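What follows is one structure encoded as structure tokens, with my remarks underneath.
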Amino acid sequence: MEYIDNLPPMDMMRSENMTFVQLIIPVESAHPAITYLGQLGLLQFRDLNDDKSPFQRTFVNQVKRCAEMSRKLRFFKDQIQKAGLLPSPRPASQPDIELEELEIQLAEHEHELIEMNANSEKLRQSYNELLEFKLVLQKASDFLVSSRSHTTAQETELDENVYSNHNYSDTASLLEQEMQPELSNQSGVRFISGIICKSKVLQFERMLFRATRGNMLFHQAVADEEILDPTSNEMVEKIIFVVFFSGEQARTKILKICEAFGANCYPVPEDMTKRRQITREVLSRLSELETTLDVGLRHRDKALTSIGFHLTKWMNMVRREKAVYDTLNMLNFDVTKKCLVGEGWCPIFAKTKIQEALQRATIDSNSQVGIVFHVMGAVDSPPTYFRTNRFTNAYQEIVDAYGVAKYQEANPAVYTIVTFPFLFAVMFGDWGHGICLLLGALVLISKESKLSSQKLGSFMEMLFGGRYVLLLMSIFSIYCGLIYNEFFSVPFHIFGGSAYKCRDASCSDAYTVGLIKYSDPYPFGVDPSWRGSRSELPFLNSLKMKMSILLGVAQMNLGIILSYFNARFFNNTLDIKYQFVPQVIFLNSLFGYLSLLIVVKWCTGSQADLYHVMIYMFLSPFEPLGENQLFWGQSVLQVVLLLLALVAVPWMLFPKPFILKRLYTERFQGGTYGLLGTSEVDTYEEPDSARQHHHEEFNFSEVFVHQMIHSIEFVLGAVSNTASYLRLWALSLAHSELSTVFYEKVLLLAWGYDNLIIRLIGLAVFAFATTFILLMMETLSAFLHALRLHWVEFQNKFYHGDGYKFKPFSFAALADDED
């Protein structure tokens, strides 16, 4: 035990030692102190005003100002994106400015931009109206041809052309009578011209027909130019229309329908000379407006470009200032209202750095009083903080996704770094596929600096975050693939010749009769001659199934051993005596014994039936084993192990609740206080419960039920978890068989044809199946199964995962949250 205690601590095995500290900060030093602590990022503040709403806190006005500045900066960013400009990725070099000065600058820029946008919108609206008017004049003139004589003949011509010849240019000539009052009064034919969106024209025409009961003539033509919609900022295709009708009531209805459909109506004179004169005026005004719009757009882009140079720096500054004031709102004023009091957690190694930062804040603020920093005792459990690097971070995230470790609890990530990619490789073992994964991982790692600064999609971000997990998974896959001797399901004689040979030169009976052994066993991995032999599948099934049980029992034993180190670290002798010991005995009396039988059978080459041995160990423990006996004294050993397993169950269930009850009674009813300084009553905590210390009522029934549930869960879990590790065999077999199917039934089948096109198609199908099914779907499947084995089968033996993460106030974390 002394040797174990003297071992050097492992970096990630236990979370960092934390301490609860209190800060007493003079008001004049508060802002620089919190700023320096944010730059350091090693102090997690505790909210001392959690009973107050955000609007009742001290620095609420400053937070509102920062929020308003953030809104303005978001407005600038949207305007830059709408203008098609790119904000500067790196902040421009500019002397530091105060928040008040920045607030004034942002207000001026916003006012200037809003004014420019309003003017530009008005000019754009005028430009659109003139452009529509020009298009209407051009198209309507095709419908209207000057003619001032023969009124009766014109009416006849209108009837002939409208109802028989659809020639709109001829029918429009009848409308010239509108320029003559006496003719208009006689015939009553009038028209309205305008423009409408193409998507609405069919409904518009139908509504006009119904409203006038068919007493109208509708002409339409596609506009030569698309018009910019100011609301959506997109180019819209429009239709020019002319509606001929008779009567004032019809005119009122048509105008209302035009207004309802958003159609713009424009007056078109019937006189050709007036049309030409108006067209010239419209074109002149359009030219002037184009010039004005271009000048305004250039001025606006210039203003947005100058803002874009500083936008990143301003956003970072405002984000930091808001975070500082949010943190200051978590502090309390003392009774004199001259100091702010803050509390929080920090790692012990960071105390010196924090004190140095606080001293700098005192000097910079010219304060007469220094900042008081002292350590306090805490009732609450400290947060959990593991220092990780780029390599270990992904594995820690895998563990944290299940649950954050309790403070100072053994960290499964230390072992997950090796066991996770190894169990993945057991299911994925193929050194050809492993090389493909390795190349992908190396590409991601080689472009690490470039990709880490880019905004990636969700899938790519997940892949990039797990690049080092993918690296180890690929390396272990190559290793397991060499053991399985599979390269895209094809075996190779890498480590020498086979130990087996065919019975004759043709080797035709290899699959029916079998091979014969003529030399020493293959030096590494599976002999390539097993491929295609009669006993290939039974041999590989037996090998992988037994290997899965051995790996599962080993990993579950590792989890139980870690529970011992947890109990020893927290001085909980009850868990060692009445949890660790019976669990080890129970698991190894049954499945440890099974693992021993597997190893002995492999070493001796016995033909014993292990299914029969394990079943009759329970059904008939005293019957002789006969030909299934593997070693001397096996029958006696089985009886002893079965008795130990039966004793281990009540050993787990009964003693612990009764001992806890006795310890509680002695402590709170005048018992021996000194002997219980490190009592299990303190260290024993119910899962999912708050840390309760002072004189909580001991509920024996709850403790007993809790212990009973844990005991039953372990006993049943020992069986189900061992069976769960058989997924290693199942997925390995599925991966191997899928690879064989794609190789034999796709690639070899296509290669059997003496046709280049068929061979290329077969190669393309094989490549597609290998990439998308074996390298993507199978990788994801094996990854998820390895994840389950770690979360359920391994971690439930020792890992509570009911802690909470150390989340210090850090400016670096603000940038990550923004991304």
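Glycine is no exception: its Cβ is also placed from the backbone N, Cα and C atoms.
Here is what TrEMBL says about this protein:
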- 97-126: coiled coil (COILED)
- 422-445: transmembrane segment (TRANSMEM)
- 466-484: transmembrane segment (TRANSMEM)
- 547-567: transmembrane segment (TRANSMEM)
- 579-600: transmembrane segment (TRANSMEM)
- 631-654: transmembrane segment (TRANSMEM)
- 756-777: transmembrane segment (TRANSMEM)
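The transmembrane segment (466-484) is not in contact with the transmembrane segment (547-567), judged by fewer than 3 CB-CB distances under 8 Å for residue pairs 6 or more apart in sequence. Between the transmembrane segment (756-777) and the transmembrane segment (422-445), three or more CB pairs separated by 6 or more residues in sequence fall under 8 Å, so the two stretches touch. Sequence-remote contacts of a segment are chain residues at least 6 beyond its ends whose Cβ falls under 8 Å from one of its Cβ atoms, and for the transmembrane segment (422-445) they are 451, 463-464, 467-468, 470-471, 473-484, 486-490, 547-548, 551, 555, 727-728, 731-732, 735-736, 739, 770, 774-775, 778-779, 782-783, 785-786, 789-790. Only residues 6 or more beyond the boundaries of the coiled coil (97-126), in the same chain, are considered here, and those with a CB under 8 A from a CB of the stretch are 65-66, 69, 72-73, 75-76, 79, 228, 230, 289, 292-293, 296-297, 299-300, 303-304, 307, 314, 317-318, 321. Mean pLDDT of the predicted structure over the coiled coil (97-126): 89.
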